[in-house]
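Only one structure is covered here, and it is reproduced in the block below.
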């Protein structure tokens, strides 16, 4: 079967993954309204393409906090990659390095940070952190990530408690016995997530700052008020995210929230986005509205489910080709020419 677009990988993963794994990856909170809205919102944004712009030479490279990447797509932090492919996060790291993009490794990885680091030496990797009640565990992970050459620390802000994902409740979701959250072994009972610290506040960014020299990127921001607070507390980047619609159902689509956050930040820190990216044209819409880069979650897992590292590279290449073509057809030969003038919201 020819894999032509990202939905082909989605169909494959749904057909061949065990139901409990598919349901875990696909799950949204409650009615899944926000999960679905992340995708639907892109359909309300239309291009204003420009013609006769000489798009014979295309430059789709950009930089993340000063480090060049091949195109403005990275891999968002998602847990439990071994549910999709036996080599898990090691395959993810190798695919990201091969494509010269950023991979954000999750606290809830099924491979250790050392294994991820060794799988793709010199790859651009950030580490995503959940702050746990046992602060010593979080401190150890942050310092270990820095020592292993991770280049950014991504603090997830939207998970004081886990959202209610009905299929996981129905399925009694647990990791299979042979899989472990390798970075947390022995720290507490796996998969209860009750060890997350719900008392985390903005002041904890100062605590993290004392632990590490890594740039801090905060993930889960959806409002101008929180964007202002993020800048005030000295973060270097913001990921506009609603956790793939897995936390608070009824929140905004991330592409809609992006506009508000970008306006509040006024270029003081880099702004990124995840959620709902399914085509190269979605990437272009996000950049036009002010995102520096986007990150993909579920599509990366579908690529792994298809053929591991090779399947994930296939997903990334398709997105890259679609993005390049969308840029050219919109009249933008380079990233620097993408701007708000390129899009309009449809009038309902």
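Cβ from N, Cα, C; glycine included.
Per TrEMBL, the feature domain 'FMN hydroxy acid dehydrogenase' maps to 1-348.
Positions annotated as FMN binding site by TrEMBL: 77-79, 106, 128, 130, 156, 219, 241, 274-278, 297-298. Within its own chain, residue 297 (FMN binding site) has 75, 76, 77, 78, 244, 274, 275 as residues 6 or more apart in sequence whose C-beta sits under 8 angstroms from its own.
Take the CB of residue 246 (glyoxylate binding site) and look out to 10 A: across all protein chains shown you find 24 other CB atoms. Here TrEMBL flags 165, 243, 246 as glyoxylate binding site.
Residues or ranges marked as active site, proton acceptor in TrEMBL: 243.
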Residue among binding-site residues 165, 243, 246 with Cα closest to the Cα of residue 128 (FMN binding site): 243
8 Å Cβ shell about 165, 243, 246 centroid, glyoxylate site members excluded: 27, 28, 29, 35, 162, 163, 244, 245, 247
Whole-number Å value of the largest CA-CA distance among 165, 243, 246, listed as glyoxylate-binding: 12
Confidence summary for the domain 'FMN hydroxy acid dehydrogenase' (1-348), mean pLDDT rounded: 96
Residue among the binding-site residues 77, 79, 275 whose Cβ has the most other Cβ atoms within 10 Å: 275
